[in-house]
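Encoded as C-alpha cells, the structure appears first; notes follow it.
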Amino acid sequence: MRVDIVTIFPAFFDVLNVSLIGKARDRGILNLNVHDLREWTQDRHHTVDDTPYGGGAGMVMKPEPWGEALDSLLSPDAVLLVPSPAGERFSQPLARELAGEDHLVFACGRYEGIDQRVVDHFAARGRVRLVSLGDYVLNGGEVAAMAIIEAVSRLIPGVVGNPMSLVEESHEADGLLEYPSYTKPAVWRDLHVPPVLLSGNHGAIATWRHEQSMQRTVQNRPDLLGE
Ligand code: 6GU
C-alpha cells in the first residue's frame, strides 16, 4: 500500500519509523511518504492560511496549495482521507475497508479546517472521506491520521506477525471488548492470576473469557450491546 501524507508539521510523522509500521516500511509492504504542504506554496512567506469569509475566530487553510499538492499526489485509484471532527466516525470496519486499498492520501489540516472547496473539488473527481476519531477536538489532523494509519496498516497481510492476534481482539471477533490478559508471575503484589487460567481446562477458560468480555462491555461500552 502507498500512503501519502500532506501536513504543515511533517515532524509529527517521524515516529512512523518505529515498531511494526517501521518494519513494514523497511520490508516494502508499506510505502509511506510525508510531504510539507508549504512545498506547494508560491509566495515568499509560504502562506497556507487566511482569515475566514463571514468572520469568526481562527484561520482557514487556503485552497491553492492544497489543490496543487493533491493534483500532484492523487492517483486515479487513490482515496483522499481528510481527518476532521466533522467527519464520519472512524471504526474497525472502515479500517478493514481501507486496508484493501492500494493508495491512501491524507490531507491534514488545522482544526478550523481547509477551505471547503478543496473537498468539493476532489470529491467531484474521485473518492474523498472526512473521518473523525470521536467526539473531542484535536488541534489538527496529524494525530488522527497517525491513528488511522496504524489501525489500517496492521490489517495489511504481513504487517502483524501472528494473524491470530488480529482475530481475538476488541471489536473484531464478537463485537465485545477484549477480556483481560495475565502473564507470569502467578502472584504479584498479593494479586493472584484468576485460577481458571492455570487450570488447563480450555472450555472453562473460554467460558470465563467470554463472561469477562461481556462484563467489561456492559460496564464500559453498553452501546455496543444494542438498545
Ligand atoms: Cl479527525 N481531527 C480533529 N482535528 N479533531 C478530531 C478528530 C479529527 N477526531 C476527533 N477529534
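Including glycine, each Cβ sits where the backbone N, Cα and C put it.
These features come from TrEMBL:
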BINDING   GLY109, LEU133, GLY134, ASP135, TYR136, VAL137, LEU138  S-adenosyl-L-methionine binding site
DOMAIN    1-225  domain 'tRNA methyltransferase TRMD/TRM10-type'
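Taken in sequence order, the binding-site residues GLY109, ASP135, VAL137 that lie near ligand 1, meaning a CB under 6 Å from one of its atoms, are VAL137. The record assigns GLY109, LEU133, GLY134, ASP135, TYR136, VAL137, LEU138 to the S-adenosyl-L-methionine binding site, and the maximum Cα to Cα distance across that set is 18 Å. In the shown protein chains, 19 other C-beta atoms lie within 10 A of the C-beta of LEU133 (S-adenosyl-L-methionine binding site). Sequence-distant contacts of GLY109 (S-adenosyl-L-methionine binding site), defined as residues of its own chain at least six apart whose C-beta falls under 8 angstroms from its C-beta, comprise MET61, VAL82, PRO83, SER84, GLY140, GLY141.
Secondary structure from DSSP puts GLY134 (S-adenosyl-L-methionine binding site) in coil. Taken together, the residues in the domain 'tRNA methyltransferase TRMD/TRM10-type' (1-225) have a mean pLDDT of 95 on the 0 to 100 scale.
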